[in-house]
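> Below are the features listed in TrEMBL for this protein:
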DOMAIN    85-512  domain 'Major facilitator superfamily (MFS) profile'
TRANSMEM  86-107  transmembrane segment
TRANSMEM  119-142  transmembrane segment
TRANSMEM  154-175  transmembrane segment
TRANSMEM  209-230  transmembrane segment
TRANSMEM  236-257  transmembrane segment
TRANSMEM  311-331  transmembrane segment
TRANSMEM  401-418  transmembrane segment
TRANSMEM  424-446  transmembrane segment
TRANSMEM  458-481  transmembrane segment
TRANSMEM  487-509  transmembrane segment
REGION    518-537  region 'Disordered'
Amino acid sequence: MEEDLFQLRQLPVVKFRRTGESARSDEDGISGEHEVHIEGVRTELEPVELEDGAAVPKEFANPTDDTFMVEDAVEAIGFGKFQWKLSVITGLAWANAMEMMILSILAPQLHCEWRLPSWQVALLTSVVFVGMMSSSTLWGNISDQYGRKTGLKISVLWTLYYGILSGFAPVYSWILVLRGLVGFGIGGVPQSVTLYAEFLPMKARAKCILLIEVFWALGTVFEVLLAVLVMPTLGWRWLLVLSALPLLLFAALCFWLPESARYDVLSGNQEKALATLKRIATDNGAPMPLGKLVVSRQEDRGKMRDLFTPHFRWTTLLLWFIWFSNAFSYYGLVLLTTEFFQAGDVCSISSRRQEVKAKCSLTCEYLTEEDYTDLLWTTLSEFPGVLVTLWIIDRIGRKKTMALSFLVFSFCSLLLFLCVGRNVLTVLLFIARAFISGGFQAAYVYTPEVYPTATRALGLGTCSGMARVGALITPFIAQVLLESSVYLTLVVYSGCCLLAALASCFLPIETQGRGLQESSHKEWGQEMVGRGSQSPG
């Protein structure tokens, strides 16, 4: 007996802090740590240090806890077959970039075929952004109130229906209204990021969200290639119909899509959340955590006032400006690229604009094969942006990644003041677009991470809405102000991105290495600090 007791004393005892409670929680003394007291045996528990962001080994699976949270289950189950399938399906929704890219192809075609003046062609683009701006907050509210899957499915089916219907528009007024309704549906597609992020373990979240952004770039490339094949033979109506193919495929596969377990727990559907987690564990071939799933405190979901509580007021305001600046600069660069390439260099652009103003507004120019090639090369700059962001976002953090992207864009914009040749101009525009698209992707990673489950979709929706405001304003700078002064135009874009870089640095919360927050009633980060990354107290 004494020998057995001696051996028992030599055994290390493992201590786990339940991830539902932070070291800063006032409840630590009540339910935070579980210790085993045996008379005659040392009662100090030996903490296990894990690497930053590492999950608890599956073989432990909460051995000392009788309860677990969704965050615990997602981390313990890890990344596997389920997440790969989810990546493809949500990526198909994200490929709605085809509906945006088609604007640059459709506008000159209708300009020639229907003899539209320039302002009507521009209005055809603007009405899509008006639809997106007016609906983004609404789709976020629907996703918080009725579920991520519900909001995403309705928005995709809406976009699919009106996208196909616009191919049958008989006159300009019809296609104007129908494309506006398409924009209204596109405003809800970013909610695919919300749903996707809530199924990802912490260590893989940034990389995976960035990788589904590749579907956006693939959608734009596919649209250009489709236009090369379809436009000369079948015309723009067939192009509109065929551009809805990714959304049609998503609609066929969305029956497989599960509702977010985090949303189900928050809305009181514990059994449904548990069934979803078991399904993920089965697909991934991983064990479920032991114990009972903790049901979160019931909260009002999708309330705008929750974005302006003391914990999130500055975060919300700074993020709105960051998203505005991203879209303002991204779409501005797209418009400026065409002007710069046609002029040859920045110094020649003023004289060219005067020549264009002297022409009739109904002058018709169809897109040529060379134009499609230029569109394709410009689109390919999205891929380096993804790769650079993918490499740095987990090394320097989300805030610094966004700040760096804005700074590089601003620096490239200032270099355009020089009368550089076409080759150098192409390189500068390529780098600027790569980094501003990378900053956009970093914002898509950061925003779902920083808001709690009750307002995550609404927070992303309002930020997306502010981005559309920037997209609406930028034509007045990139096209109207450009006629007066090319240098003033460049100063506006460069200055806006410098301010956005400062805003990124002043964000009060860095989400790298943090779990997703479930409750808005706790201080940020109490749900889960990266396992082993923070020392108690």
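Glycine too: its Cβ is placed from the backbone N, Cα and C atoms.
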> Relative to the transmembrane segment (236-257), which of 86-107, 119-142, 209-230, 401-418, 487-509 accounts for the most Cβ pairs at distances under 8 Å?
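Counting Cβ pairs under 8 Å, the winner is 86-107.
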> Under 8 angstroms, Cβ to Cβ: which one of 86-107, 209-230, 311-331, 424-446, 458-481 has the largest number of such pairs with the transmembrane segment (487-509)?
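Answer, by Cβ pair count: 311-331.
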> So if I exclude everything within five residues of the ends of the transmembrane segment (424-446), which remaining residues of that chain have a CB under 8 angstroms from its CBs? That is, six or more out.
190, 193, 205-206, 209-210, 213, 319, 322-323, 326-327, 329-330, 333-334, 336-337, 340-341, 345-346, 378, 381-382, 384-386, 388-389, 393, 398-399, 401-402, 404-406, 408-409, 412-413, 415-416, 463, 497, 507, 511
> State the non-local partners of the transmembrane segment (209-230) in its own chain: residues 6+ outside its ends, Cβ under 8 Å from one of its Cβ atoms.
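For the transmembrane segment (209-230), the list is 87, 90-92, 94-98, 100-102, 105, 192-193, 196-197, 200, 238-239, 242-243, 246, 367, 369, 372, 375-376, 379-380, 382-383, 386, 389-390, 393, 441, 444-445, 448.
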> Average the per-residue pLDDT over the domain 'Major facilitator superfamily (MFS) profile' (85-512) and send me the rounded value.
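Averaging the confidence scores along the domain 'Major facilitator superfamily (MFS) profile' (85-512) gives 82.
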